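Only one structure is covered here, and it is reproduced in the block below.
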Amino acid sequence: MPLAIVCVLCNILLFFPGGKPVEKDHITEQVWYFGGILGSGVLMIFPALVFLGLKNNDCCGCCGNESCGRRFAMLSSILFAAVGVAGAGYSVIVSAVAINEGPQCVVNTTGAVKFWDTPFSNGDYLSDKAIWSKCLEPPGVVSWHLSLFSVLLVMGLIQMALCAVQVVNGLLACLCGDCCGGSDAV
(Lines of atoms letter the chains of each structure in order from A and count residues from 1; the text may use other names and numbers.)
(Lines give C-alpha, C1' and ligand atoms only; values in the text may rest on other atoms or scores of the structure.)
Protein backbone atom coordinates (compact mmCIF):
# COMPACT_ATOMS: atom_id res chain seq x y z
CA MET A 1 0.00 0.00 0.00
CA PRO A 2 2.73 2.54 0.81
CA LEU A 3 4.38 1.91 -2.57
CA ALA A 4 1.08 2.53 -4.37
CA ILE A 5 0.53 5.78 -2.44
CA VAL A 6 4.06 7.02 -3.27
CA CYS A 7 3.49 6.23 -6.96
CA VAL A 8 0.18 8.11 -7.06
CA LEU A 9 1.78 11.13 -5.36
CA CYS A 10 4.73 11.11 -7.78
CA ASN A 11 2.39 11.03 -10.77
CA ILE A 12 0.36 13.93 -9.35
CA LEU A 13 3.54 15.95 -8.76
CA LEU A 14 4.55 15.38 -12.39
CA PHE A 15 1.55 17.51 -13.42
CA PHE A 16 3.49 20.47 -11.97
CA PRO A 17 6.82 20.50 -13.88
CA GLY A 18 9.53 21.99 -11.73
CA GLY A 19 6.92 22.43 -8.99
CA LYS A 20 5.15 25.12 -11.03
CA PRO A 21 1.67 24.97 -12.56
CA VAL A 22 1.73 25.09 -16.37
CA GLU A 23 -0.82 24.72 -19.15
CA LYS A 24 -1.85 21.15 -19.88
CA ASP A 25 -0.26 21.33 -23.34
CA HIS A 26 3.15 21.83 -21.69
CA ILE A 27 3.10 18.70 -19.56
CA THR A 28 5.17 15.76 -20.78
CA GLU A 29 3.04 13.27 -22.70
CA GLN A 30 3.95 10.30 -20.50
CA VAL A 31 2.48 12.02 -17.43
CA TRP A 32 -0.93 11.77 -19.12
CA TYR A 33 -0.53 7.98 -19.41
CA PHE A 34 -1.06 7.82 -15.61
CA GLY A 35 1.62 5.17 -15.05
CA GLY A 36 1.86 6.05 -11.36
CA ILE A 37 -1.84 6.62 -10.74
CA LEU A 38 -3.30 3.78 -12.77
CA GLY A 39 -0.48 1.24 -13.15
CA SER A 40 1.43 1.33 -9.86
CA GLY A 41 -1.43 2.92 -7.94
CA VAL A 42 -4.95 1.68 -8.59
CA LEU A 43 -3.98 -1.66 -10.12
CA MET A 44 -1.69 -2.36 -7.15
CA ILE A 45 -4.33 -1.62 -4.52
CA PHE A 46 -6.33 -4.73 -5.45
CA PRO A 47 -3.44 -7.19 -5.00
CA ALA A 48 -2.34 -5.41 -1.81
CA LEU A 49 -5.81 -5.80 -0.29
CA VAL A 50 -5.93 -9.48 -1.29
CA PHE A 51 -2.46 -10.12 0.16
CA LEU A 52 -3.44 -8.41 3.41
CA GLY A 53 -6.62 -10.48 3.55
CA LEU A 54 -4.73 -13.77 3.13
CA LYS A 55 -3.20 -13.60 6.60
CA ASN A 56 -6.69 -13.37 8.14
CA ASN A 57 -8.20 -16.01 5.86
CA ASP A 58 -9.78 -18.75 7.95
CA CYS A 59 -10.66 -20.76 4.81
CA CYS A 60 -13.89 -22.52 5.69
CA GLY A 61 -13.16 -25.11 3.02
CA CYS A 62 -15.42 -26.93 0.62
CA CYS A 63 -16.84 -30.45 0.49
CA GLY A 64 -15.58 -31.06 4.01
CA ASN A 65 -11.97 -30.34 3.00
CA GLU A 66 -10.49 -27.28 4.72
CA SER A 67 -7.42 -27.19 2.44
CA CYS A 68 -9.72 -26.66 -0.56
CA GLY A 69 -10.61 -23.18 0.73
CA ARG A 70 -6.94 -22.35 1.28
CA ARG A 71 -6.05 -23.50 -2.21
CA PHE A 72 -8.78 -21.37 -3.71
CA ALA A 73 -7.56 -18.34 -1.73
CA MET A 74 -4.02 -18.87 -3.00
CA LEU A 75 -5.29 -19.33 -6.56
CA SER A 76 -7.12 -16.02 -6.37
CA SER A 77 -3.97 -14.39 -4.98
CA ILE A 78 -2.12 -15.56 -8.11
CA LEU A 79 -4.68 -13.85 -10.32
CA PHE A 80 -4.50 -10.61 -8.36
CA ALA A 81 -0.70 -10.76 -8.30
CA ALA A 82 -0.76 -11.08 -12.09
CA VAL A 83 -2.87 -7.90 -12.23
CA GLY A 84 -0.27 -6.25 -10.00
CA VAL A 85 2.59 -7.36 -12.27
CA ALA A 86 0.75 -5.96 -15.29
CA GLY A 87 0.03 -2.63 -13.58
CA ALA A 88 3.56 -2.22 -12.25
CA GLY A 89 4.96 -3.28 -15.63
CA TYR A 90 2.90 -0.59 -17.31
CA SER A 91 4.28 1.99 -14.90
CA VAL A 92 7.85 0.80 -15.48
CA ILE A 93 7.49 1.05 -19.26
CA VAL A 94 5.92 4.52 -19.13
CA SER A 95 8.61 5.72 -16.71
CA ALA A 96 11.47 4.31 -18.79
CA VAL A 97 10.15 5.97 -21.94
CA ALA A 98 9.67 9.28 -20.09
CA ILE A 99 13.20 9.17 -18.68
CA ASN A 100 14.57 8.44 -22.14
CA GLU A 101 12.69 11.30 -23.82
CA GLY A 102 13.19 13.89 -21.09
CA PRO A 103 10.91 16.73 -20.01
CA GLN A 104 9.01 19.28 -22.03
CA CYS A 105 10.28 22.78 -21.34
CA VAL A 106 10.82 26.29 -22.72
CA VAL A 107 13.79 26.11 -25.09
CA ASN A 108 13.65 29.59 -26.57
CA THR A 109 11.95 32.91 -25.93
CA THR A 110 11.27 35.69 -28.36
CA GLY A 111 9.86 38.66 -26.53
CA ALA A 112 6.75 37.44 -24.71
CA VAL A 113 6.52 34.25 -26.82
CA LYS A 114 7.90 31.09 -25.27
CA PHE A 115 8.72 28.06 -27.39
CA TRP A 116 8.08 24.73 -25.67
CA ASP A 117 9.75 21.54 -26.85
CA THR A 118 11.29 18.28 -25.71
CA PRO A 119 14.94 19.16 -26.39
CA PHE A 120 16.51 15.85 -25.46
CA SER A 121 16.52 12.67 -27.49
CA ASN A 122 17.41 9.10 -26.65
CA GLY A 123 18.42 9.89 -23.09
CA ASP A 124 21.37 12.04 -24.16
CA TYR A 125 20.81 14.36 -21.20
CA LEU A 126 21.35 11.54 -18.68
CA SER A 127 25.11 11.40 -19.19
CA ASP A 128 25.69 15.10 -19.88
CA LYS A 129 24.31 17.38 -17.18
CA ALA A 130 25.69 20.42 -19.04
CA ILE A 131 22.95 20.21 -21.67
CA TRP A 132 20.25 20.56 -19.01
CA SER A 133 20.63 24.29 -19.60
CA LYS A 134 18.67 23.85 -22.84
CA CYS A 135 15.58 23.97 -20.63
CA LEU A 136 15.09 27.62 -19.70
CA GLU A 137 11.76 27.24 -17.86
CA PRO A 138 10.30 25.99 -15.56
CA PRO A 139 13.33 26.15 -13.27
CA GLY A 140 14.60 22.73 -12.21
CA VAL A 141 12.27 20.88 -14.58
CA VAL A 142 14.91 18.38 -15.71
CA SER A 143 15.82 17.20 -12.21
CA TRP A 144 12.11 17.24 -11.24
CA HIS A 145 11.18 15.08 -14.22
CA LEU A 146 14.13 12.72 -13.81
CA SER A 147 13.69 12.30 -10.04
CA LEU A 148 9.96 11.60 -10.06
CA PHE A 149 10.02 9.24 -13.04
CA SER A 150 13.03 7.44 -11.50
CA VAL A 151 11.05 6.94 -8.29
CA LEU A 152 8.14 5.57 -10.35
CA LEU A 153 10.51 3.25 -12.20
CA VAL A 154 12.12 1.87 -9.03
CA MET A 155 8.78 1.52 -7.20
CA GLY A 156 7.30 -0.28 -10.19
CA LEU A 157 10.22 -2.73 -10.25
CA ILE A 158 9.81 -3.39 -6.52
CA GLN A 159 6.07 -3.94 -6.98
CA MET A 160 6.71 -6.33 -9.86
CA ALA A 161 9.16 -8.32 -7.73
CA LEU A 162 6.75 -8.51 -4.79
CA CYS A 163 3.89 -9.66 -7.02
CA ALA A 164 6.14 -12.19 -8.78
CA VAL A 165 7.11 -13.67 -5.40
CA GLN A 166 3.41 -13.91 -4.53
CA VAL A 167 2.69 -15.68 -7.83
CA VAL A 168 5.33 -18.32 -7.01
CA ASN A 169 4.16 -18.59 -3.40
CA GLY A 170 0.51 -18.86 -4.44
CA LEU A 171 1.27 -21.40 -7.14
CA LEU A 172 3.20 -23.63 -4.74
CA ALA A 173 0.51 -23.35 -2.07
CA CYS A 174 -2.26 -23.98 -4.59
CA LEU A 175 -0.59 -27.03 -6.12
CA CYS A 176 0.95 -28.55 -3.00
CA GLY A 177 -1.53 -27.45 -0.37
CA ASP A 178 -1.02 -29.57 2.75
CA CYS A 179 1.53 -31.89 1.12
CA CYS A 180 4.38 -29.37 1.48
CA GLY A 181 4.39 -28.85 5.20
CA GLY A 182 1.51 -30.40 7.05
CA SER A 183 -1.78 -28.79 7.90
CA ASP A 184 -0.24 -25.37 8.67
CA ALA A 185 1.18 -24.87 5.15
CA VAL A 186 -0.03 -21.76 3.36
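A Cβ is built for glycine as well, from the same backbone N, Cα and C atoms used for every other residue.
These features come from TrEMBL:
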{"type": "SIGNAL", "residues": "1-21", "note": "signal peptide"}
{"type": "TRANSMEM", "residues": "31-52", "note": "transmembrane segment"}
{"type": "TRANSMEM", "residues": "72-93", "note": "transmembrane segment"}
{"type": "TRANSMEM", "residues": "142-165", "note": "transmembrane segment"}
For the signal peptide (1-21), distant same-chain residues with Cβ under 8 A (at least six beyond the ends):
27-28, 31, 34-37, 39-42, 44-45, 48, 52, 91, 103-105, 137-141, 144-145, 148-149, 151-152, 155-156, 158-159
What else in the chain is close to the transmembrane segment (142-165), if you only count residues 6 or more beyond its ends and a Cβ gap under 8 Å?
3-4, 6-7, 10-11, 13-14, 17-19, 28, 30, 35-36, 39-40, 44, 47, 81-82, 84-85, 87-89, 91-92, 94-96, 98-99, 102-103, 105, 125-126, 132, 135
Report, as numbers and ranges, every residue of the chain located at least six residues beyond the transmembrane segment (31-52) whose Cβ falls under 8 Å of a Cβ in that stretch; write 'none' if there are none.
1, 3-5, 7-12, 14-15, 76-77, 80-81, 83-84, 86-95, 98, 152, 155-156, 159, 163, 166
